[in-house]
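Asker: Input: one structure, supplied below.
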Amino acid sequence: AKCQCKVVPRERTNCGYPGISAAECKKIGCCFNASVASVPWCYSPKPKKVKKVCPNDPYSRINCGYPGIKPRECTKKGCCFRAHPAGVPWCFYHRVMEE
């Protein structure tokens, strides 16, 4: 993603080798920007931003508790709690989504 390559020149971490081409740099998953001299032109992207969400589909829930777990105990474990529908876990794990 383009936004992952918005790294201040002085904070760039070298990701290639001297003289690497833009195409070769991108091929190995790095960012390339040759606009500033004396800093790495091929550099590591920023880590992806992720957020935890409670999945909407009740049938894709992965159980995080036990039958009869109380909402507070479930959230204390860092999980999602929704007391519906029947037949699926009510206490379940988050999904990690890219922002």
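Yeah, the Cβs are placed from backbone N, Cα and C, and that goes for glycine too.
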Asker: If you have TrEMBL open, could you say which of CYS15, CYS31, CYS42 makes the disulfide with CYS25?
Answerer: CYS42
Asker: According to TrEMBL, which candidate among CYS54, CYS79, CYS80 shares a disulfide with CYS64?
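Answerer: Answer per TrEMBL: CYS79.
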Asker: With reference to TrEMBL, which of the candidate residues CYS54, CYS74, CYS91 participates in the disulphide bond with CYS80?
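Answerer: Checking TrEMBL: disulfide partner of CYS80 resolves to CYS54.
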Asker: What's the CA-CA gap between CYS79 (disulfide bond) and CYS42 (disulfide bond) in angstrom, rounded?
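Answerer: Given the Cα positions, CYS79 (disulfide bond) is 40 Å from CYS42 (disulfide bond).
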Asker: Rank the disulfide-bonded residues CYS42, CYS64 by how many other Cβ atoms lie within 10 Å of each Cβ and give me the one with the fewest.
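Answerer: CYS64, out of the disulfide-bonded residues CYS42, CYS64, has the fewest neighbouring Cβ atoms within 10 Å.
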Asker: What count of other C-beta atoms do you get within 10 angstroms of the C-beta of CYS25 (disulfide bond), across all chains shown?
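Answerer: For CYS25 (disulfide bond), the count of other Cβ atoms within 10 Å is 21.
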